[in-house]
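To keep things clear, I will list the structure first and then write my remarks on it.
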Amino acid sequence: MFVARRLSKNITQISKTAVKTSVRAVPVRGFKTTSVNQAAAPAPKTSQEKEYFEKNKSLLDKESNEESTEVDYSKLNENQGVVHQVIGAVVDVYFPHGKLPYINDALIVDDFQAENVEKVIEDLNNPSLKGKIDFNNVPISNIKLVLEVAQHLGDGIVRCVALDITDGLGRGALVLNTGSPLMVPVGQATLGRIMNVIGEPIDGCGPIPATEKRPIWRAPPPFADLAPSASILETGIKVIDLLAPYSRGGKIGLFGGAGVGKTVLIQELINNIAKAHGGFSVFTGVGERTREGNDLYHEMVEAGVIKKEGPGSKVALVFGQMNEPPGARARVTLTGLTVAEYFRDAEGQDVLLFIDNIFRFTQAGSEMSALLGRIPSAVGYQPTLATDMGCMQERIATTKKGSITSVQAVYVPADDLTDPAPATTFAHLDATTVLSRAISELGIYPCVDPLDSTSLMMDPNIIGVEHYKVATDVQKILQEYKSLQDIIAILGMDDLSEDQKATVFRARKIQRFLSQPFEVAHAFTNMEGRFVKLSDSIKAFKGILEGKYDHLPEAAFYMVGGIEDVEIKAAKLLESAGKEEKKTTTTSTTGQVKEETVREKVTRLVDEAYNAKVKKLKEYGASTAHLEELRAQYEKNFESEISQLEVLLKK
């Protein structure tokens, strides 16, 4: 044991010595340095080489002296360091004077020509600022690369995560310690603008004239300042308002796999809530498609939510899309949250925060964790998964000053809700809306699963007794229908009792009535969007449960708004069916054309089918008694169909 410890200690000392040696060999661009022992240049061999060597001897000596130099660290102040190592999105920085930045502090990497950074250097050397840069006086366009400190490795080296691509970054680049976390612009100047993780505008409309900037790392509100709300946020979407209502000032999660409609649903919520919402909204695109962010921006401009000229914009956009490095995708959520917190705390607003997609936040954290060398936990996620999620989610809260209502899209890998990423998110949410691939395959949109979706607001003391009873009855009848599906698939509808048949018919109508056309999907469906009030939804579903609409065809309940739309669609369906059925004509023996009724047409079809089968049976020698029995069976089976069609036409 003693020998092993001694050997380990020696290895540690050797590695530390190697680190120190490698650090001293890092050249810094822009600093004159003293020469050190350098290897002799190889002797020229051919006559051409000798001639070239003689002509360019002085130039080669000068370049050799500049390249093989040792850093004169006396030229650096205590807030300056140099890039020691670059490994993709991870950058190691050496601070020679021993004053290391804190964890989560922002570092700036640049060539730092005098005309760009005179103010920065002045602030760094100003004792009154205690080493902190006044970010309000640093133009963001001068910042080439921002790093965030993640680890202290020892011997003056810190390991950082880059918030942008590191292409072209080399060892020896000068690094400045800002002395604080990343600061981003906040306030009404951000409304109508698109910015990235470091607060840089990316909409081509010039700099953001913000008067204040705030750090992206902040503590959650104190427990004494919290003021939970118990009021419903009406979305105008039937399945959500009825079965999994959202709370004002709560956290809402939209769970679903790839391609089931999370982004479309979140855009419809923006359309229905943000446009009618009196306060401000913040949309944060985390690791999603740049095309969707571009489309969303132009849709908001057309809708008047964003005004390119003059004041009046209601939403701020923060994007860190899927082409960004993991550092940007992991921190852009905090940037958007910081903007929303300012509106809540400083201006007392009720803010809407949309995040698409919160899974990409977790995924970026997993990538960063692997790059930093941490041992992964279950399914390859970072060991700090719960901590990272909690630090972000706890800042989304309702206080005595204002509220933040967040709607978060959550991608579910392989449609597995037990995956650690969505499972960790579940614990922080007030309402969960689960999008089902099985329902989307039926063509029902939004494909919200009414049995898996939940809400803490489903309490009769909050939503009212009538709403609670109708919602639970709807879920009950859908659950009964789900349990009967296996029996129907094996034995068919004939083996069900009359009550079970009524349950199936009403459940299928409810299932289709939960679909709804969206305004944001008008270009794809060619159907006008519908906003349905909660009171109308309760009344309509109550009527379906009581059997008031049993006479309406099932197809009339598909992709409509309120129950009035169902009745209008049913009338159109019956009218078109009547034209096809009633206007079918036959020619009598006298040559006159007469109108054929529904019963006559069905009877004619029965006769045709019967005669075709009788012809076959006679060929095989069937008895007359057997043929009469067959006739009675045909008439019995079609009698119910004839009666139903006649009732529909009379309506």
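From the backbone N, Cα and C atoms, a Cβ is placed for every residue, glycine too.
Taking the Cβ of Gly259 (ADP binding site) as reference, no residue of its chain lies under 8 Å away while being at least six apart in sequence. Here Swiss-Prot flags Gly259, Val260, Gly261, Lys262, Thr263, Val264 as ADP binding site.
The DSSP secondary structure for Val260 (ADP binding site) is coil. The phosphate binding site annotation in Swiss-Prot covers Gly259, Val260, Gly261, Lys262, Thr263.
If you draw a 10 Å sphere around the CB of Lys262 (ADP binding site), it holds 25 other CB atoms from the protein chains shown. Swiss-Prot lists Gly259, Gly261, Lys262, Thr263, Val264, Arg289 with the feature ATP binding site.
Residues or ranges marked as Mg(2+) 1 binding site in Swiss-Prot (evidence: similarity to another entry): Thr263.
Just so you know, the Cβ of Glu288 (Mg(2+) 2 binding site) picks up 23 other Cβ atoms within 10 Å once every protein chain is counted. Feature annotation from Swiss-Prot assigns Mg(2+) 2 binding site to Glu288; the stated evidence is similarity to another entry.
The transit peptide annotation in Swiss-Prot covers 1-30 and is backed by sequence analysis.
The maximum pairwise C-alpha distance among Gly259, Gly261, Lys262, Thr263, Val264, Arg289, the residues recorded as binding ATP, is 14 Å. Taking CA atoms as the reference points, Arg289 (ATP binding site) and Thr263 (ADP binding site) are 10 Å apart. For Arg289 (ATP binding site), other Cβ atoms within 10 Å of its Cβ number 14. In this structure the C-alpha atoms belonging to Gly261 (ADP binding site) and Glu288 (Mg(2+) 2 binding site) are separated by 13 Å. Here Val264 (ADP binding site) comes close to Pro446, Phe518, Val520, Ala521: these same-chain residues lie at least six apart in sequence, with C-beta atoms under 8 angstroms from its C-beta.
In this structure the alpha carbons, written CA, of Val260 (ADP binding site) and Glu288 (Mg(2+) 2 binding site) are 15 Å apart.
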